[in-house]
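**Q** Once you've had a glance at the structure underneath, I'll fire off some questions.
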Amino acid sequence: MANTKDSYHIITMDTKESSIPSLPMKEIPGDYGVPFFGAIKDRYDFHYNQGADEFFRSRMKKYDSTVFRTNVPPGPFNARNSKVVVLVDAVSYPILFDNSQVDKENYFEGTFMSSPSFNGGYKVCGFLGTSDPKHTTLKGLFLSTLTRLHDKFIPIFTTSITSMFTSLEKELSEKGTSYFNPIGDNLSFEFLFRLFCEGKNPIDTSVGPNGPKIVDKWVFLQLAPLISLGLKFVPNFLEDLVLHTFPLPYILVKRDHQKLYNAFYNSMKDILDEAEKLGVKRDEACHNFVFLAGFNSYGGLKVFFPSLIKWIGTSGPSLHARLVKEIRTAVKEAGGVTLSAIDKMPLVKSVVYETLRMDPPVPFQTVKARKNIIITNHESSFLIKKDELIFGYQPLATKDSKVFKNAEEFNPDRFVGGGEKLLKYVYWSNGKEIDNPSVNDKQCPGKDLIVLMGRLLVVEFFMRYDTFEVEFGKLLLGSKVTFKSLTKATS
């Protein structure tokens with residue numbers, strides 16, 4: 001190891017450089033099986049024999065390591081390379097965010113890239129590498145736009161959520177239960193459209209009331225290689241052939257996607273004017289904002305909002321009473337729902353972060369090593385060679401029992417007070433929660449907006465209701481949540 005300093009970059013717990021590994025070197029365990037067939041076998045394990053969580057847990061146990069080699073979906077023929085080094089602990093995971101050592105170009109969704117035809121033929125910002133000048137321009141536009149719109153976040157959210165409560169109460173009254181997911185999807189889409197499209201209601205545009213359904217279809221066709229429908233009447237081999245073997249064509253959503261694009265293009269003049277000043281063509285800028293609003297933000301909220309309601313609902317009346325007291329006291333003192341009032345709600349903030357820890361909206365991160373790297377987990381150091389793919393499975397990394405006490409349990413107080421020091425291990429935004437997105441990284445530009453929306457959802461809920469009951473199940477993406485009862489506020 002005499003020449004290690006010249007050959008490798010050492011990544012420790014805080015991704016700082018060191019001259020020698022602080023932990024003993026260990027060969028990365030695992031294997032890829034027989035060429036081609038090994039990838040197919042692992043794909044079947046992932047989708048049909050084990051499921052995603054057990055797929056990674058079983059290999060972690062088999063190799064007695066949180067760093068190991070395996071194939072990940074989709075494999076042939078959607079992805080050129082299915083061979084990865086998997087990271088499932090909180091210590092090694094941050095290497096995925098160090099863009100000086102890894103490259104995320106083309107790896108937004110996993111080990112594959114959907115066709116640019118889904119985005120007007122453009123390679124949108126999510127797929128660009130940080131060294132690409134266009135990435136700097138586009139992400140800078142995203143960040144400056146969100147900064148400019150900051151004062152509109154709360155008013156637009158308040159406008160959008162009113163119809164959600166009306167729908168929720170009406171359905172509960174008529175049917176005895178209310179399925180939250182489509183109602184939450186409508187809230188998310190309406191808020192994001194109004195935010196970027198100068199306050200316009202999407203119903204009054206070319207998408208009409210079908211915005212969420214159009215985005216769902218558009219996103220599904222791109223993420224199909226990672227999804228299993230779970231239909232009992234469809235043989236596994238047939239579903240695998242259709243969804244996981246070859247890319248699904250854009251033509252299946254072209255007409256609807258054009259409606260979505262037109263609605264944004266005709267409603268965001270100010271943003272497109274600003275893009276032109278930066279040298280970005282109007283249609284390219286529009287496709288990037290459709291991706292930001294539809295794939296990034298709406299797609300994430302589609303998982304996040306039901307999870308948030310699920311965890312709060314199943315925590316019961318005692319947590320609800322504490323949230324009611326904190327929220328209504330702060331709102332009364334501030335004279336309304338304001339940013340300053342929300343900042344005085346540590347329990348609300350902790351509940352939102354704990355939800356993002358338990359159920360990160362984007363479970364997979366993929367990067368390619370730019371050079372030979374030595375990473376560490378809790379026990380050992382490992383060499384990852386240049387051009388190897390590194391794959392993070394976040395739902396295990398953020399439940400690392402050596403970092404979080406009772407890591408598999410939802411603890412609403414986890415990030416209150418001194419617990420805030422653990423926020424550096426919350427990675428849902430493709431970065432540490434304590435970091436802020438910049439033009440030089442791949443962290444979600446809407447990171448703070450998504451957290452604020454979660455906090456606002458909790459605040460608005462408990463301004464109207466004292467408690468509620470839910471039941472939940474699983475969907476293709478995230479949790480299925482159904483309200484069984486709502487108790488309106490008594491004070």
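Here the Cβ of each residue, glycine as well, is placed from N, Cα and C on the backbone.
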**Q** Looking at Swiss-Prot, HIS135, LYS139, LYS442, CYS444 are annotated for heme b. Which of LYS104, LYS170, LYS175, LYS480 sits in that same site?
**A** LYS104
**Q** On a simple 10 Å Cβ count over all chains shown, which one of the binding-site residues LYS104, HIS135, LYS139, LYS302, LYS442 is most densely packed?
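**A** The residue with the densest Cβ neighbourhood is LYS442.
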**Q** Calculate the distance in Å between the alpha carbons (Cα) of ASN296 ((13S)-hydroperoxy-(9Z,11E,15Z)-octadecatrienoate binding site) and LYS302 ((13S)-hydroperoxy-(9Z,11E)-octadecadienoate binding site), and round it to a whole number.
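**A** With distance taken Cα to Cα, LYS302 ((13S)-hydroperoxy-(9Z,11E)-octadecadienoate binding site) is 10 Å from ASN296 ((13S)-hydroperoxy-(9Z,11E,15Z)-octadecatrienoate binding site).
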**Q** How far apart, in angstrom, are the most distant Cα atoms among the heme b-binding residues LYS104, HIS135, LYS139, LYS442, CYS444?
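**A** Farthest Cα pair among residues binding heme b: 15 Å.
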**Q** List the residues in the vicinity of the heme b site, defined as same-chain residues other than LYS104, HIS135, LYS139, LYS442, CYS444 with C-beta within 8 angstroms of the site's C-beta centre.
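**A** Going along the sequence, the neighbours appear as CYS125, GLY126, LEU128, THR130, ASN430, PRO437, ASP441, GLN443, PRO445.
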**Q** Near the Cβ of ASN296 ((13S)-hydroperoxy-(9Z,11E,15Z)-octadecatrienoate binding site), how many other Cβ atoms are there if near means within 10 Å?
**A** 23
